[in-house]
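Undergrad: Provided herewith is a single structure, encoded as structure tokens, for subsequent inquiry.
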Amino acid sequence: MAAATAAVFALLMASALAGAAAGGDIVHHDDEAPKIPGCSNDFILVKVQSWVNGKEDDEYVGVGARFGPQIVSKEKHANRTRLMLADPIDCCTSPKEKVSGDILLVQRGKCKFTKKAKFAEAAGASGIIIINHVHELYKMVCEKNETDLDINIPAVLLPRDAGFALHTVLTSGNSVSVQQYSPDRPVVDTAEVFLWLMAVGTVLCASYWSAWSAREALCEQEKLLKDGREVLLNVENGSSSGMIDINVASAIMFVVVASCFLIMLYKMMSSWFVELLVVIFCVGGVEGLQTCLVALLSRWFRAASESFFKVPFFGAVSYLTLAVSPFCIVFAVLWAVHRHFTYAWIGQDILGIALIITVIQIVRVPNLKVGSVLLSCAFFYDIFWVFVSKRWFHESVMIVVARGDKTDEDGVPMLLKIPRMFDPWGGYSIIGFGDILLPGLLVAFALRYDWAAKKSLQTGYFLWSMVAYGSGLLITYVALNLMDGHGQPALLYIVPFTLGALISLGWKRGELWNLWSKGEPERVCPHHMHMQPQPKTPPLVQ
């Protein structure tokens, strides 16, 4: 069990890695690249659909240039045009033959992008596709001192593999035509709606389980307290609840350790390191899934859940746990082996949700002070590693790690994700574990307080904290779409909503001190009530 708990905390440290993000930006507003007359386009991704000998073939993705006309966004407005190899192949000098409205396929060469485009346009080409010399895509920019940039044909850069695939087809004597367009993303994709429901539902389930466990522990404690002083001492000195309360120091240390962990991921990000993260995620996912299933099934198989068997290194384990564990292990292993398959995201989300629910049930925020410190630190952590880190690393560290840009993976596994079903660019909508888990700890605290104070849904704090969390996450997705899909730190919006709701409500109701310092309502201990001397009956007067 100690190993499982360690795995859970390892995942907890990794959970604050990524904010909500879309499947990839298609529009890049670059303020660093020079903007001069005739060279001021935004950098956009471009679909290049090919036909070989009249039959539809592969589709490639490139990036549009800073100069020239913008690529059309509608497929129906994009012309299907013949593709030809340039001669010379780099188009750094004027082509030997005139072309009549065709698109030229050229190699990167050593001359400027604008020079290639000018020679291609002068030869009568209607466009130019440049093959990059590396796998990545570069931004085709202009130099500050360039003039006479009246270029009227579009230019697109393809990565090396895609460009040479077209080059091979052309050199084999085939007839190739292409269609170039850059479709817009939908304003709202159903993936974002389902991801919002998934995140809110996870916090809801985890909060009720945490509050239910706390209520059962409290009822058991009050029952034992009534049995006498000796039992009271045993209860006070024992720690059989299995819950872990966070304090202020551990809340601060969590963010420090998470920052170190994030830097390590950024610096060491590679295929083998992602494999290690997958193993850690599977260990935590197995523990989470097993805990959730045992808790759910124990209501129907009570005898199996209350009968225990000694297992080496693990101690006493219930028969129900032994029965469920193989299924959980097989499920996690199958996901790890087949995680690149189209529907593997379902397995990842199931393991992730189970892990988050388990952590919220085990780890508790004891009062509003600790919750405020934890979420405030996470708030600045998110902002720093999404926005401020660009100044030192020239890229957003958190987004690079979350997307797995330096690996062949789709990103680190510590994410919930859903494919963007109606997005022509595909990709995933994602949310980091920390954006669910950390606010979820505060929401669970609110429900535990409500139940301990015997508050109704309307007069308590849980309903409003859930509304605040859902609203903050909703605003995150609004900001995400307004920023053209650029990754957003979700805690930037969620923390002010959730903390603000609890603090303002507590202050208005005059309960802020109890929430802040004690974390529980005033109540009289039943044992002390039992031990208080009873008032004497006055003697009867004759």
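Numbers here mean position along the shown chain, with the first residue as 1.
Glycine residues also receive a Cβ, built from the backbone N, Cα and C atoms like all the rest.
What you are looking at is a predicted structure, and each value in this text was computed from that prediction instead of being measured.
Here Swiss-Prot flags D382, D435 as active site. The feature domain 'PA' is assigned by Swiss-Prot to 92-167. The feature N-linked glycosylation site is assigned by Swiss-Prot to N79, N145, with sequence analysis given as support. For 1-23, the entry in Swiss-Prot reads signal peptide, with the evidence type sequence analysis. What Swiss-Prot lists as topological domain 'Lumenal' is 24-192, 267-275, 338-342, 389-426, 481-486. The topological domain 'Cytoplasmic' annotation in Swiss-Prot covers 214-245, 297-316, 364-367, 448-459, 508-542, and the record cites sequence analysis as its basis. Taken from Swiss-Prot, the feature transmembrane segment covers 193-213, 246-266, 276-296, 317-337, 343-363, 368-388, 427-447, 460-480, 487-507.
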Undergrad: Do we see three or more Cβ pairs under 8 Å linking the transmembrane segment (343-363) and the transmembrane segment (276-296), pairs being at least 6 apart in sequence?
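TA: When sequence-distant Cβ pairs are counted, the transmembrane segment (276-296) touches the transmembrane segment (343-363), since at least 3 lie under 8 Å.
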Undergrad: Give me the non-local Cβ neighbours of N79 (N-linked glycosylation site): same chain, 6+ apart in sequence, Cβ-Cβ under 8 Å, ordered along the sequence.
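TA: Looking at Cβ-Cβ distances below 8 Å from N79 (N-linked glycosylation site), excluding near sequence neighbours, one finds S126, Q179.
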Undergrad: Is the count of Cβ pairs under 8 Å between the transmembrane segment (193-213) and the transmembrane segment (368-388), pairs 6 or more apart in sequence, 3 or more?
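TA: No, the transmembrane segment (193-213) and the transmembrane segment (368-388) are not in contact.
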Undergrad: Does the structure show the transmembrane segment (317-337) and the transmembrane segment (368-388) touching, where I'm treating 3 or more Cβ pairs under 8 angstroms (sequence separation 6 or more) as a contact?
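TA: Contact absent: fewer than 3 Cβ pairs fall under 8 Å.
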Undergrad: For the transmembrane segment (368-388) against the transmembrane segment (460-480), do we get 3 or more Cβ-Cβ pairs below 8 Å once near-sequence pairs (under 6 apart) are dropped?
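TA: No, the transmembrane segment (368-388) does not contact the transmembrane segment (460-480).
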Undergrad: Pop the Cα-Cα gap between D435 (active site) and D382 (active site) into the table, whole Å please.
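TA: Counting only the Cα atoms, the answer is 10 Å.
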Undergrad: Counting by DSSP, what is the helix, strand and coil composition of the topological domain 'Cytoplasmic' (364-367)?
TA: 0 helix, 1 strand, 3 coil
Undergrad: Can you give the mean pLDDT for the topological domain 'Lumenal' (24-192), rounded to a whole number?
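TA: The predicted confidence over the topological domain 'Lumenal' (24-192), as a mean pLDDT, is 88.
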Undergrad: Can you tell me the CA-to-CA distance separating N145 (N-linked glycosylation site) and D435 (active site), as a whole number of Å?
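TA: For N145 (N-linked glycosylation site) versus D435 (active site), the Cα atoms are 46 Å apart.
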Undergrad: Counting across all protein chains present, how many other Cβ atoms fall within 10 Å of the Cβ of D382 (active site)?
TA: 28
